[in-house]
Amino acid sequence: MLRWLRGFVLPTAACQGAEPPTRYETLFQALDRNGDGVVDIRELQEGLKSLGIPLGQDAEEKIFTTGDVNKDGKLDFEEFMKYLKDHEKKMKLAFKSLDKNNDGKIEASEIVQSLQTLGLTISEQQAELILQSIDADGTMTVDWNEWRDYFLFNPVADIEEIIRFWKHSTGIDIGDSLTIPDEFTEEERKSGQWWRQLLAGGIAGAVSRTSTAPLDRLKVMMQVHGSKSMNIFGGFRQMIKEGGVRSLWRGNGTNVIKIAPETAVKFWVYEQYKKLLTEEGQKIGTFERFISGSMAGATAQTFIYPMEVMKTRLAVGKTGQYSGIYDCAKKILKYEGFGAFYKGYVPNLLGIIPYAGIDLAVYELLKSHWLDNFAKDSVNPGVLVLLGCGALSSTCGQLASYPLALVRTRMQAQAMLEGAPQLNMVGLFRRIISKEGLPGLYRGITPNFMKVLPAVGISYVVYENMKQTLGVTQK
């Protein structure tokens, strides 16, 4: 179909100069099915589908947002031609940015190199699979004509947008703070897109955490009290009986407030650690990204850890025990001293390595599997695949680090339990295993897993809508 498109609508001579209007007119007439001189979105959808032209996600809506100058919901020929010409200029710039050796062709090695600039590492074999989805003549290289034909109606703006699909970031927030920070391109930094994306992610995290707060508090209660008899329904009944429905959100305020300082610190120190681990001009690899991200997570956790302790104390506390965050901090300082704000800090720090490492490794494994087996017609995996990979990799990371998270939570709260010995990390591990067995180290993991799917869905929807509101993406 791409060969037909090149021969019938976009001849090879087009790469040498401006396209004759009659060529655009031929395509316009093919799309204008009722012959009324304009193309509406339904005609565009049906026409492009019947022509077999590759489309990006929500491509038709984006084309109309950009091309429909008078906002009448239809494209006349002048608007149609102007959109294609403007879009082709952007695609020419994208092609040149990929064509590193300026030979007029894109090769697999150049795709690998360009992906690395976005912090995404793939093999040469995987790059060849991507190349095959664009290559129309089987030469295993992509020239300008093939490139233009493939992205003719795919309304991406530049090469970074084209290959950004597999960045390990989709606005997912499942309530954990140990993930490796996002990578931002130079253009995103200069344009200010980076802080808008961080803000969108922060708002999405706040909404997601608030929506799943009852499950999070239940998890904390099961971790701290460690009772085999406390199941999910019994736990909810007990919390509602003790403090009413509002008590299900106890501790959520602190959990939301800490998003902003933690994100800011993690992002800033991540950039500093990357500079320390890589030479100037060198692109960061997966290993350096893992080390930098883990160190950034540890630094951010050190900075906001007192809020983690207060979140646990508020969640476990009884009605009337604390009037709010300030009252909780004041009582901890008065009765236990400043050191109490860092109880459980060591297991929390140790949990960062297995969580971040396994999260990143599983995501890379899933990405490689998809590229090897399914990247035949498009490099874009789609929203469901991205969300699924992100959720699954985070879940695997949680499984590995959960025992450390449980011990951390108990150390944070053990001063509140009457008659409970004040044990260190090793002592708590021994006590849990001797009294509850190995399953005791995973107490509360069921509600933790139950919140993953709603958290992923809510945070993604809010994140995408906030990006539109903040001007990161077009509506």
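Think of each number as a place in line: the chain as shown, counted from 1.
Keep in mind that glycine also has a Cβ here, set from the backbone N, Cα and C atoms.
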Quiz prompt | Swiss-Prot annotation: Leu417 and Val472 on one membrane face | solution = no
Quiz item: Taking DSSP states H, G and I as helix and E and B as strand, how many residues of the repeat 'Solcar 1' (192-276) are helix, strand and coil?
Solution: 73 helix, 0 strand, 12 coil
Quiz item: With DSSP helix as H/G/I and strand as E/B, how many residues of the repeat 'Solcar 2' (284-369) fall in helix, strand and coil?
Solution: 73 helix, 0 strand, 13 coil
Practice problem: Quick one: give me the count of other CB atoms within 10 A of the CB of Lys318 (N6-succinyllysine). | Solution: 11
Quiz item: By DSSP, how many residues in the domain 'EF-hand 3' (86-121) are helix, how many strand, and how many coil?
Solution: 22 helix, 2 strand, 12 coil
Quiz prompt | Long-range Cβ neighbours of the topological domain 'Mitochondrial matrix' (405-443) (under 8 Å; 6 or more residues past either end) | solution = 220, 222-224, 226, 228, 308-309, 312-313, 316-317, 336, 340, 343-348, 351, 398
Self-check item: Cβ packing number for Lys435 (N6-succinyllysine), 10 Å threshold
Solution: 9
Self-check item: Lys435 (N6-succinyllysine) - helix vs strand vs coil (DSSP)
Solution: helix
